[in-house]
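S.K.: Below is the structure I would like to discuss, written out as structure tokens.
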Amino acid sequence: YINTEYISIVEIRVQPSVKVKNGDPMAIICHADISKNTDFQLKHNFTIFKDGKLVFMTVSDKEDARYEIPVAKSSHTGNYECRVRADVKLRMTKPILTADKKEVLEGEVVKLRCELPEEVPPLDFVFRKIKTNSAPKEKLVRERNQNFSEMDYYVEEGDNILQFDCFGKRQIKIGSYIYMCIYHLYVYLCSLAEPFIKPTLITRPSNNITEGDQIKFECSTVVAQMRDIEIILQKNRTILNSVRDKKFLKYSTVATQEDSGEYLCKVEQGAVSKTTKMNVFVSELFPRPTLFASMTKVDENKEILLDCRINGLHTANFSIVRKNSSGDILLRRSRVLEMRVNVNDTGSYTCKAEVKGIVKESHLVCCALEKPRAHWKPLQLICHSVMGTPPITFRFYKGDKIKKNVTNDTYATFLDENTGLNDSGEYKCDARNNHSSGVKTSNVLNITVIGKDASLGSIPYGEVEVGSETAFLCSVKEGSLPIHFKFFKKTDRDVLLHEAREYSDRTIWHKKTMKRKDTGTYYCMASNRASGEVRSRPITINVILAAWQKGVIAAFVLTAIAGAAAVALWWFLRKKKKGNERFPSLWGQMHHS
């Protein structure tokens, strides 16, 4: 049971008196007048304050407490106050604390039971889990109908030797006072065994990783029990590999720059999880290639040049492809592609470069290909009947379609105002009159419009030596024959140099002897009966001195320099000789004197 006592009076006094000389000893005494029964046992908390600040505190089972001051000073002057508190001291049996196991693994649960067999409820039980360098974790359970309580504790990562304790308490009201009765603590120790150690993550090679290298990851741990354990390797949130019921995991790949980043090796068993992290950096083997196009907007049937380049690198496996919704179309395994395009070649192009198994792709290059618009002028056809009695009805055909009916005496005309590149170019006519001889049909006349422009080239091209022969070639892709070709040189007023009528899509003009004044810009034009004149792009010819002419000039210059030097030497020697002749005569005159 619990014994009780009462504090009726608290007094404070000073020895020797309230007036003390500087340097003398003094003592402040706090006295509590306590009444109690014979079985009572109490501890008293004495607290002395000076000017509201705590200066002395002690716990005693006596009625007096002394605050000794060996040497009094002026700073000890002040108002002193004494307070006394009486606490109940327990004389109960210790609680009994037990656990359902002596050794545990991380992730497991320890069930504790704290019991006060000699006490009756209601009771408050406090369980504590004690860890080194951290505050105890307390859990309070109030039992109204039993003198014991149970509590589950989860064993966490980092727990080593587990220490638990428990105590019971209850509040008792005696008179106007409420006392807290605390039952003795009891400590229970429980040893901890790790289910597995923190995993180890390594890479080979460990550093200086470059794109194209084979990089290997190894993640391992030491396991107490090989049961439901899983090892996982992941980068960011992507799982790269995982194994079950094994102590190690391996993963390898060809390194790319995308493989740079943080890797995590995680080991899980039940509710326990441990991780190890590692940062990996992969150096660039070569930069991304760049695709250059000679032009991005080009007409049909023109040539375009695609060139794939890598800064500072010339050796790689290149390929040029065209993008397609159903997959890339390989055009050529080469760094350079030159092709003549049509409308169907409109699209996006890219190039790829491969070194040591690493493939990098350039940005897209879009080429807009336009079908050329035909240039034409009206085409006039005449259908003539040499014999026949008028009136005669003429019909004109373009391909298989009748374009015009004309009734006239001996001939009729038809003006086709829409001749283009895609026309069949086949024309014919027939004639009939009121006689019974029937219809007479002409032969088919094939007429083709010349393409959008002509082409001009020269051999040699660019630089031509004085006196040499130069061949100019003017051509068209298509057109009805004959074709009329003209060659011009650009001046203030363009000069016609040569013209020819050819039953061919090209002609060559040989200029026998080139002169310095022939340096300049040239172009050609072509026309036929079905279309107006089309013009080529200009070319520039630079007429330079021949090698032998340069040699003659050099020899002449050297000869002139040599001649000037000889004259200068002759003049110097002659002047020197005249000086020597004068000096002896002067010497003789002086000696004679």
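Backbone N, Cα and C define each Cβ position, glycine as well.
Because TrEMBL annotations are produced automatically, they should be read as predictions rather than curated entries.
From TrEMBL, here are the annotated features:
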- 199-281: domain 'Ig-like' (DOMAIN)
- 287-365: domain 'Ig-like' (DOMAIN)
- 379-446: domain 'Ig-like' (DOMAIN)
- 467-540: domain 'Ig-like' (DOMAIN)
- 552-573: transmembrane segment (TRANSMEM)
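I'd like to know what surrounds each of these features in this structure.
M.R.: Helix first, then strand, then coil: DSSP counts for the domain 'Ig-like' (199-281) stand at 3 helix, 54 strand, 26 coil.
Mean predicted confidence for the domain 'Ig-like' (467-540): the pLDDT average there is 87.
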S.K.: With DSSP as the reference, give the number of residues of the domain 'Ig-like' (467-540) in helix, strand and coil.
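M.R.: Helix/strand/coil tally for the domain 'Ig-like' (467-540): 3 helix, 43 strand, 28 coil.
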S.K.: Counting by DSSP, what is the helix, strand and coil composition of the domain 'Ig-like' (379-446)?
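M.R.: Helix/strand/coil tally for the domain 'Ig-like' (379-446): 0 helix, 38 strand, 30 coil.
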